[in-house]
């Protein structure tokens, strides 16, 4: 169970009453409550501490030194793009080889038993191969690195927002992510590779920018200046964009995705560096894939997910068609909202009842087996047979019960990787699918995709969403051609373009992306003609979907009780002031503080503070002191580790003056206070904090309104905001959790409860 406090400074170790103990004994699942905000998530220090050490280093640096730093940033972005492209190439090759082996084996088995009976063996083989691949991937995720589950986009959004998600950008997470997504896609699940690619690019960026690996305990002694949260955040934004670019072959779309969906902080200088990383990522992927396919120098595909090119002469477009796209404007948002609602309740069920690793692996294997069984049944009972021409692009055509020279059209949608299925719906000529096939496929695949997203496997939702939308979009195009028998209408009523608009509508209704998704679709298809209708569809899908429920990523962020800060404070919160939202009383230190008190405060598990105001010494009883600065827990731990005591400095003991390098070497895994030994004599020593504290912390009067506090906190990327009275004395401290617990609910402004979940 958990203990609930109304402020982050409340003692969470309070005694449980007998009544609560009875309720706890009756619970058989992990409790979940939307009215809770988890205390286990800490914030990142996106605000630089401008102490004496920092200012001295900046003043010593020449103009040429700053130019060199800028060159290093470009070099790092190039490395991020190159490595992200290599990882994308590895994923693509591995998936194609494993999926090719699986589909070839199943296809040969089906052809063998079609004439003589015994197709149940083919079904068992297909389900067994799917379950085997998924089992290996699920075991890796569930038992070795659970943070690698899902697409990783919600976690990266939280990281860029300023929330410290444990293990989210570690090398181990990257390895499990890559391995897991290969197994998931090869295992036939209704998943894609694009979300994990975004997460992978972010992990690559976080590692490369630091010039070392804390997991491997290897320090290359480079890029030491960038070992702080502010710099790492900017590079992670570049990594996320490089992941999008590698996935879709959309460098500009990657930049816009990082701006619209990922980054919470942005500056103009970032734009070109991120675009450079995205371009390098796409070029690297294409270069190595061209070598792999035996066509050096040729671009084998525009990206990891190849939609193919929409040629203007084949898929012509006239302005009048914008009115024919009108029926797409609302179904995209409504179907997206339905997808999110079902997945929301399914995720709550998983949180409560399927929280053990063994159960998670079993569920993933069950979904894989059911997916294969449903696909086999759909193909078996389908009578949609199409002629197999010499110029056919079908990868694994199944004849089954069709006549010679024909193939089963349902197999094109199910007996393929999801990316190839999307491409076939976009580009197969008119008449390749009958309406019944597309209608049944849309319904079945919608259910499978909803069930699959949220499993303990590495998987994305982009491609399944595009596949669902492409299916019902092409269905609409076929019906339009059927209704309008005019020869002139049938010429430009190509179902492929309607599949494209439907795919954009469905994906937009689920993830609520607008500008970035428009550019991604335009770049991925190589035709800017449909940019305007795609934008209209996406805007409408977002408006309609937001009326019912939030976007999928925001839902999963909320379900994990993450203190995520949106762009603005709740609109009805002006009546709240800093005095009412702040945490108080505040633990403060004097400019020169006793070591024993510092150790005791840092060791207190009931109040796990990470920032401490430094005040002028006062002799009055329990009176707040005037603010002099702010010092972080991580800084105090480094000072204790190096024993920077006044007595040692004043004695004849030789002691090296601490530098910023000492703090950067300890970043980001600062040692716990329990690992630092302080003797009884050392506890009586004094520590001078003047040189290491930030002497100019941001402060607000206690009468400041909540929206104003929120705007200051959010725009500057703060972790701590000191609240002072009229005499500049510390009366409280505002942290991320103090602001995130206020949100706009159905009945107006609501306050979440803080809990140690």
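Including glycine, each Cβ sits where the backbone N, Cα and C put it.
Those TrEMBL annotations? Automatic predictions, nothing curated.
Record features (TrEMBL):
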type: DOMAIN; residues: 693-751; note: domain 'CBS'
type: TRANSMEM; residues: 74-95; note: transmembrane segment
type: TRANSMEM; residues: 123-144; note: transmembrane segment
type: TRANSMEM; residues: 174-192; note: transmembrane segment
type: TRANSMEM; residues: 235-258; note: transmembrane segment
type: TRANSMEM; residues: 270-292; note: transmembrane segment
type: TRANSMEM; residues: 328-349; note: transmembrane segment
type: TRANSMEM; residues: 361-381; note: transmembrane segment
type: TRANSMEM; residues: 438-463; note: transmembrane segment
type: TRANSMEM; residues: 499-522; note: transmembrane segment
type: TRANSMEM; residues: 529-549; note: transmembrane segment
Please work out the mean pLDDT for the residues of the domain 'CBS' (693-751). 91
Region pair the transmembrane segment (123-144) / the transmembrane segment (174-192), three or more CB pairs under 8 Å: yes
Please give the sequence-distant neighbours of the transmembrane segment (361-381): residues at least 6 beyond its ends with Cβ less than 8 Å from one of its Cβ atoms. 119, 122-123, 126-127, 129-131, 133-135, 137-139, 142, 187-190, 350, 354, 398, 400, 408, 410-411, 414-415, 440-441, 444, 448, 451-452, 455-457
In the same chain, who gets a Cβ under 8 Å from the transmembrane segment (328-349) while lying at least 6 residues past its ends? 32, 446, 449-451, 453-454, 465, 468-469, 472-473, 476, 498, 501-502, 504-512, 536-538, 540-545, 547-552, 555-556, 559
Which residues of the same chain, at least 6 past either end of the transmembrane segment (270-292), have a Cβ under 8 Å from a Cβ in it? 73-74, 77-78, 80-82, 84-86, 88-89, 92-93, 201, 205, 234, 237-239, 241-246, 249-252, 254-255, 258, 263, 298-304
Interface check, the transmembrane segment (235-258) with the transmembrane segment (499-522), three or more C-beta pairs under 8 A: yes
DSSP puts the residues of the domain 'CBS' (693-751) at 16 helix, 25 strand, 18 coil
